[in-house]
Structure formats: C-alpha cells, structure tokens
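Chemist: My questions will all concern the structure given below.
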C-alpha cells in the first residue's frame, strides 16, 4: 500500500498540468526530482557564510521554505531562510554572520595545523572550522511518505579572524636560538601598515580595499641583541588563512620577485620590511570581495652571517663555495611561518585620490628622438610637396593666359 501511495504522489508531481511549482521560477522537466548534493551552494565570505538551496526540488519533495531550518531549529524564525525567485532555479538563502556564529547551533571546532617548514610550536596556525546542517522537521507520526531533506555545510577561517573579524589578525611566533652560552627565545610578529612611515597599522574598511592599493608589511623581532638580524626567506599569499593552501601567489622567493613587490629591508637589522599592491584571487570571481592572507617564512641569523644567506641576483657571480662553509650550526635559528590577514579587496571600484593607492593614471604620451625626427621629416616633406604643387599650378595658369592672345602680320585684304 505504501508503494501505491508513493507512486501516486510521484505521478501527481510529474504531471504536465501540475501547479506544484506555482509561480516559482522552476522547470518541471528539470526539477521534478528529489534533492541531490549539487542542490546546495556554500559561499565562505569575509563577513558571512551564505548557503543557497535549490527550492524547486524542495517543492517537489513536498516541503515549503518554512520547513527548512538550521541545525534542527525549526521553532526559531531567525534560523530559517528566505526565497529568492529572481534566479533560475528559485533558491532558499541562509546567511550566517560570522559575528553571531552560535546563534542557531552551528558547530565551531578549532584545530592546529603546521606551517610551511614547520619547526615545533613556532609554526603552528589555529584554524576554526564552522559546520552545520539544514534539514526538514521529523513528522509527528510513526511513518512518513515524504523524504527527509538534509544539507550539510562547512567553512574554515583563521581563529583570530573569527574572534574579531572587524580587525586584521596577525600571528606571532616564539623562536628559540641556541648559543654557546645557552638558549634564548625571541618573538617574531608580522604587521601591516598604511604607508612607508610604518607608524599607523593598516585598517581595512568594511567595503574592502581597492585593487592595487599599496600595503606595507614588517616582520619585527623582540628580545634580541645586536648580534642577530631578521631574515625573510619567502613571503607569499593565499586566499585562506591556511599557509599550506594549494592556491598561493608568491611575492618574493630568493631572486624571484613579483613586479609589484618591493623589498625595502631584509637581513640588515632586527626588522624586515617590504611593500606590495593588493589584488584579488581569481577563485573569488563570483564575489564582490576577495580575501588575501599574507605569510612569511622567517628566521634569525647572526648579523655577520646574514649577508652570506642573502641571494645574489643580477649578473654577479655566485659566491665562492668556501664562503658557504664558514657558517656555524648556531649561526641561524629555525624557521617560523608568520601570517597576517585577511586583507579584504574589492573589484567594483577604481582607486581615486588616495595616498595609499598606486597610480593608475595613464602616463602622458612622450616622443623619443627617433619618433620626433620621423615626424619632423614628414612635416618638411609635406611642406615641400605643397610648395611644388602651388608652383605647378601657377605655371599652368600663366601658359593658359598667353595662348589666348593672337599675334601676327596685318592682312591687307581686310582693309
């Protein structure tokens, strides 16, 4: 009997004249089916997590938008979604603000992952994973002929960002250095600034930074004496706070450097500094804003040995191999991965007057010597041709006028 009822319900749903989808933006030929995994889209945004569920398959299953709720909170209207019928197909949208994560029972799990070139606790990063589900209520009866719907979602963010997503988060690393007379611990920090004075830390507006805004970064060390300097080996960016993200863009590594990146100071003092112009990751093409996280693989080196660790770029020859054998084991520390972000960028506006923005104006057209000579020659040639044309016309005019005058001997016959 149950099978008969189920077949009857399916027959009603797929009938051509069915008013099942009402006025919603659905296609009976495409959406007369039960939901599948592809019917939910999850967007891990910079300020909120957004889920979009295919509403047409929800209708086909016998439910309405009020039957869907976050984490079984069907009695709380704040945990329900809303319909957007301006898309195809129509969708039910759920939005979770990062500032109110636990309002509808979402689950937050903190995990610790190693960074690039991990060296103990000095290179660990804490990641917060937010997960939950959207489902339909259980029927009050013992049995039901309607399928239960369940959609799962998950997003990961740096823990510092979840704690206060209105400010930039920067990580610090405690790095130990062994010397002949013992071991000391120094703390490294990666900070972002507004300009080259390195006085005011970078503030990200709620709408994000325009593309090509210049950002200044600094790695600073504490508890160091004058014998040790900071050396940045490798700095790169990722779209997430995970320094091991497969999607990354290198700013500088050895002699390879992004054209928009300028290394101001490295290996010469207890602070490393550089600047770069912000961009967006292509994977965020469907979003108005993009997140950029900065990571730097950093170490400490003795002031006398830092020049030996610096790459030799350009046409100069590589240092003699003997100079590389003079390092003692305690000449450098272990590596530490420092992170900062998110740097939120927007792509819907063009930078205008802003002291922090890179100049986007088109440079005035300038002529080089060769181009100027060619243009001058063409002008002179044109003037000569025009003068010759005028002279030719003048000669033709005089010849025509002379031919009209009749000269000769007087004929006596006509007298």
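Glycine is treated like the rest: Cβ placed from N, Cα and C.
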Chemist: Hey, which of 97, 164 does Swiss-Prot call N-linked glycosylation site?
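Modeler: Out of 97, 164, Swiss-Prot attaches the N-linked glycosylation site annotation to 164.
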Chemist: Can you identify, from 353-373, 374-394, the stretch that Swiss-Prot calls transmembrane segment?
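Modeler: Comparing 353-373, 374-394 with Swiss-Prot, transmembrane segment matches 374-394.
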Chemist: Based on Cβ atoms within 10 Å, give me the single least packed residue among the disulfide-bonded residues 79, 104, 255.
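Modeler: Among the disulfide-bonded residues 79, 104, 255, the sparsest Cβ neighbourhood within 10 Å belongs to 255.
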Chemist: Do me a favour and check the Cα-Cα span between residue 296 (disulfide bond) and residue 155 (disulfide bond); whole Å is fine.
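Modeler: Answer for this pair: 24 Å between alpha carbons.
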Chemist: Relative to the Cα of residue 313 (disulfide bond), which of the disulfide-bonded residues 79, 104, 155, 235 has the closest Cα?
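Modeler: In terms of Cα distance, residue 313 (disulfide bond) lies closest to 235.
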Chemist: What residues, ordered by sequence, lie under 8 A Cβ-to-Cβ from residue 235 (disulfide bond) and sit at least six positions away in the same chain?
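Modeler: Correct list: 217, 250, 251, 252, 253, 274, 294, 295, 296, 297.
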Chemist: Give the three-state DSSP assignment (helix, strand or coil) for residue 313 (disulfide bond).
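Modeler: The three-state answer is coil.
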Chemist: How many whole Å apart are the CA atoms of residue 155 (disulfide bond) and residue 255 (disulfide bond)?
Modeler: 36
Chemist: Helix, strand or coil by DSSP: which one applies to residue 255 (disulfide bond)?
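Modeler: Note: residue 255 (disulfide bond) is coil by DSSP, not helix or strand.
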